[in-house]
C-alpha cells in the first residue's frame, strides 16, 4: 500500500496559509507556490536510494553517499501543475519534464485528457506527478492511467499536491494503491461545485492571472 503523508513542516504550513488568503495577488501566489514546491521536493525525495562512492577530498580519500537507482521525471498536470515545476527543479535540476494536459468539464466535473508529452525513457524513471489541487481525484487518476498505458509502474510514481480533499485522496488510493501521495494540506471536503473547502480557490487562475 502506498503512503499518504501531510507534510507538516512549519515553513510549508506557513506558506500554505499565505496562498490561501484571497487578497494575495498573482506575483506573490506564484512565488510562494514555487517555494512550497521546493520544500515539498525535499520531503518527496526523502527515501531515494543511495550508494557508496569513493571520493578524494583535498585532505584524504573517503567513502561517501550519492544518489542511486532511477533518475527523476517531473510530470505536471496542465495547466496548474506548471506552477510546481520550477520549485521541484530547484532541488532536482537534472530531472526531465513530461506533460499531461487535462481540462475539467464544469457540468460533469469529469476530466478530459487533451495532451501527453513524455520523455522517451519515462519507464526507467522515478515519477513525481504534480498538481496543486487533489479535489475529486479524477485528473490524478486519469494522469496515472495515461502513464501506466505507456508502461510506467505504480511503484515508481509519487503524487504531490498543495491541497487535497478526502474524496480525492480516497479516489487515488482505491484506483492505485501503490502510488504515494504527498500534500501540504488535507482539507475538509468538496462543495457542490467540486471545489475544495476551504481550499485556496482555482490554483490555475491564481497562478496565471486568468478567470
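The backbone N, Cα and C atoms fix where each Cβ goes, glycine too.
Among 46, 79, 150, the residue that Swiss-Prot places alongside 104, 131, 132, 133, 134, 135, 136, 137, 138, 139, 202 at the 5-phospho-alpha-D-ribose 1-diphosphate binding site is 79. Here residue 196 (uracil binding site) comes close to 133, 135, 163, 164, 165, 187, 189, 190: these same-chain residues lie at least six apart in sequence, with C-beta atoms under 8 angstroms from its C-beta.
Residue 79 (5-phospho-alpha-D-ribose 1-diphosphate binding site) sits 9 Å from residue 203 (uracil binding site), taking the C-alpha atoms as the reference points. The maximum pairwise C-alpha distance among 79, 104, 131, 132, 133, 134, 135, 136, 137, 138, 139, 202, the residues recorded as binding 5-phospho-alpha-D-ribose 1-diphosphate, is 17 Å.
Put simply, of the binding-site residues 201, 202, 203, the one whose Cα is nearest the Cα of residue 131 (5-phospho-alpha-D-ribose 1-diphosphate binding site) is 203.
Take the mean position of the Cβ atoms of 196, 201, 202, 203, the recorded uracil site; other residues of that chain with a Cβ within 8 Å of it are 132, 133, 163, 195, 199, 200, 204, 205, 206.
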